[in-house]
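Trainee: Take this structure, written in structure tokens, and hold onto it; I'll ask about it next.
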Amino acid sequence: MFIKLDGTKLSQKLKEDLAKKVNNQKIKILIIISDPSEASRIYVRNKINYCDSLGIQTEVYDLSKIDDTNQFIVEMNQKISLSNPNGVLVQLPIKERLDTNKIIENIPIRLDVDAFLYHRFDQDQKEKVIPCVLNAVLELFKEYQLSFLDKKILLIGNGITSNQPIVNYLNEHQIKFDLITKENSQLLEEKTKVADLVISAVGKAKFLANYQFKRGVIFIDIGIDKYFDPEQSKYLICGDFDYDKLKEIASYGTPTPGGIGPLTIYSLVKNLINLSEIQKVNK
């Protein structure tokens, strides 16, 4: 029997704990935008709405007109000094002409809500501020009593905010896995047939629809895209997997939307609250 890994339902449950932690505290997040696309603005709006519902202050700073990396960093840091937030979110993607890694490396560690710089955190911050997608997956596994152990694990894609933190986690815990990227994509077809757990972060609509998976597979869909549905004459949100098709043979899986997405926003705000608490202790 297939069980839907319901990220929306779980995030609503976990949100109650966040509300208790906030408890009328003054907490503020600064969101910096580089990409002017509608998709980025939707992502930002969802995060703002979530923060608003908890009484967390948000400020958006639009740097989408800047095409020089050094100027971007200077203006970002000037705004951080003026705004005095508890956390900073640089919304990805960053425009291609800018150096994403250099910008991320210049986010103050004490304000890094996405945990991009997790490798530079001290031990206390590492325990309390976890990369958002990784935490989303761990929360789902905890709720549905799933595990990485004793499984053939297949990761597809390794973006900085998606599968890369999961790669790091599995390596730290000495858990074996296969990773498919552009460099070895010719292996994808044979790997999907034998994997017990597949986590995909490609971001192409139903990218895996025509691949074969084993019966009982667990699938986690981090990718998000849209496709045109001629029957409804409109675009619909979807992930890398064909959810309706795969759930016929899978044991567990995440829908898109409603799977990983809501839990990444929860994880972001959880990190923000924990950063605020760390800052109070270190004052």
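Even glycines carry a Cβ here, placed using N, Cα and C.
Remember, predicted model here, so these are calculated numbers, not experimental data.
When I checked Swiss-Prot for this same protein, it listed these features:
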| type | residues | note |
| --- | --- | --- |
| BINDING | Gly157, Asn158, Gly159, Ile224 | NADP(+) binding site |
Trainee: Counting Cβ atoms within 10 Å of each candidate's own Cβ, which of the binding-site residues Gly157, Gly159 comes out highest?
Mentor: Gly157
Trainee: For a quick check of understanding: among the binding-site residues Asn158, Ile224, which residue's Cβ has the most other Cβ atoms within 10 Å?
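Mentor: Most Cβ neighbours within 10 Å: Ile224.
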Trainee: Between all pairs in Gly157, Asn158, Gly159, Ile224 (listed as NADP(+) binders), what's the biggest Cα distance, rounded to the nearest Å?
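Mentor: Maximum Cα-Cα distance: 14 Å.
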